[in-house]
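One structure below.
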Amino acid sequence: MENLSMDLLYMAAAIMMGLAAIGAAIGIGILGGKFLEGAARQPDLIPLLRTQFFIVMGLVDAIPMIAVGLGLYVMFAVA
């Protein structure tokens, strides 16, 4: 029975990391599309848009990194 709980912990960590990666990929895709749309509408604002784009992209990308850290913690420290 102990082996089943270990398998469930590994599965939970894998699902957590996978869903975080999928969510970040979708978010960055939408963000990139909106950046290109804004740059096409007002080309003179590209430097401002680029700065905001990279700041928000870093924040969106931080969520999967936190999930990977928590997943590895669950896999190696808790289990």
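The backbone N, Cα and C atoms fix where each Cβ goes, and this holds for glycine too.
So that you can see what the record holds, here are the features copied from Swiss-Prot:
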type	residues	note
SITE	D61	site 'Reversibly protonated during proton transport'
TRANSMEM	11-31	transmembrane segment
TRANSMEM	53-73	transmembrane segment
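DSSP assigns D61 (site 'Reversibly protonated during proton transport') to a helix in the three-state reduction. Applying an 8 A CB threshold to same-chain residues 6+ apart, the list for D61 (site 'Reversibly protonated during proton transport') reads A24, I28.
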